[in-house]
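Undergrad: The following feature annotations were taken from Swiss-Prot:
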- 1-19: signal peptide (SIGNAL)
- 126-398: domain 'Peptidase S8' (DOMAIN)
- 158: active site, charge relay system (ACT_SITE)
- 189: active site, charge relay system (ACT_SITE)
- 250: N-linked glycosylation site (CARBOHYD)
- 344: active site, charge relay system (ACT_SITE)
- 362: N-linked glycosylation site (CARBOHYD)
């Protein structure tokens with residue numbers, strides 16, 4: 001009897017030791033209750049992945065039926081590059097059972113993701129385009145090559161885009177929606193970002209194709225799982241259309257540091273896309289947030305008109321480049337314009353710059369961030385501890 005009891009305890013301990021880790025959230029207040037993201041181990045086949053999801057669905061249905069709870073379970077599935085996984089709403093018993101699966105690498109609490117904009121200031125000057133095309137500050141003219149991002153696709157993963165805005169000249173199209181059933185930009189943030197990437201008047205790359213991928217609602221809020229779904233869709237869409245090496249992604253959003261979000265954007269880079277990410281607006285080390293903390297993406301801090309770090313901008317060794325991010329004029333839904341500040345406004349300068357250089361120099365998208373850093377001007381005053389002082393520049397010689 002003693003032997004059997006000891007053996008049972010040993011097996012239970014071994015099972016617990018081999019269970020997939022449920023990662024602790026870095027910002028507990030942002031956790032979405034009972035919502036999780038599950039990431040599979042490398043090498044899990046498509047067939048095994050399908051069988052695992054079927055097992056989870058059956059098991060969870062049984063658990064919830066027993067408690068008279070419905071409308072839970074798997075909500076989104078991810079399958080791109082080396083990342084296979086899913087997200088959904090699960091009870092505690094189901095998550096415990098999932099963690100025991102030998103196919104699961106780790107589990108993460110889903111959490112809220114927000115915009116990285118700050119404020120709107122009416123009638124602010126347009127200075128960003130002039131700054132990124134001149135070696136000295138103070139020039140308002142934008143000097144650029146007429147290739148202007150022609151043939152490059154830009155995935156604007158945000159609040160949606162007003163694709164009918166005349167300043168997009170018909171180059172903006174709707175891609176996918178991972179947050180609600182409203183295929184419009186009810187917030188305005190995504191339209192502003194898209195305008196900086198590639199609109200006729202305010203865009204860095206004035207001939208780029210803009211693809212709206214909605215992951216945040218009209219309040220500017222969404223979930224980590226929704227953002228990952230948007231990245232998943234964008235990467236697969238670019239690969240299916242054979243444009244991954246001539247495609248860019250912009251992510252002017254952020255949340256708590258997340259292994260799953262960082263894995264998703266790293267997969268996008270591995271697929272060949274140029275990924276520009278806002279550093280964040282907390283005046284702290286960007287190492288603490290995602291996707292800004294992922295080393296393989298192009299993480300962008302914000303500068304002001306005086307070539308200084310914007311007071312709100314995050315900083316740190318993960319920052320690759322500075323770009324204009326204070327009082328940036330761009331598009332608003334309904335055919336108008338608006339002025340916004342934030343690293344949300346800096347990142348699309350780098351998405352647009354990536355598109356511009358891909359078309360101009362015929363480089364691959366995966367080489368764009370390094371090229372942007374090579375061209376950068378060492379002019380930022382007080383960039384922050386351990387942070388580059390390089391400001392983006394398009395290299396036209398002016």
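Numbering starts at 1 and runs along the chain as displayed.
Any Cβ shown, glycine's included, is placed from N, Cα and C.
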Undergrad: Measuring Cα to Cα, how far is residue 344 (active site, charge relay system) from residue 158 (active site, charge relay system) in Å?
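TA: Taking the Cα atoms only, residue 344 (active site, charge relay system) lies 10 Å from residue 158 (active site, charge relay system).
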Undergrad: Relative to the Cβ of residue 158 (active site, charge relay system), which residues of the same chain, six or more apart in sequence, are found under 8 Å away?
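TA: When sequence neighbours closer than 6 are ignored, residue 158 (active site, charge relay system) has 115, 185, 189, 190, 193, 194, 212, 213, 214, 215, 216, 250, 252, 253 within Cβ distance under 8 Å.
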Undergrad: Which one is it: of the recorded positions 250, 344, 362, which Cβ has the fewest other Cβ atoms within 10 Å in this structure?
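TA: With the recorded positions 250, 344, 362, fewest surrounding Cβ atoms within 10 Å: 362.
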Undergrad: Residue 189 (active site, charge relay system) has how many other Cβ neighbours within 10 Å of its own Cβ?
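TA: Looking across every protein chain shown, the total is 29.
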Undergrad: Reduce the DSSP letter at residue 158 (active site, charge relay system) to three states and note it down.
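TA: SS state of residue 158 (active site, charge relay system) = strand.
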Undergrad: Tell me, by DSSP, whether residue 250 (N-linked glycosylation site) is helix, strand or coil?
TA: strand
Undergrad: Three-state secondary structure of residue 362 (N-linked glycosylation site) from DSSP?
TA: coil
Undergrad: For residue 344 (active site, charge relay system), which DSSP three-state class applies?
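TA: In the DSSP reduction, residue 344 (active site, charge relay system) maps to helix.
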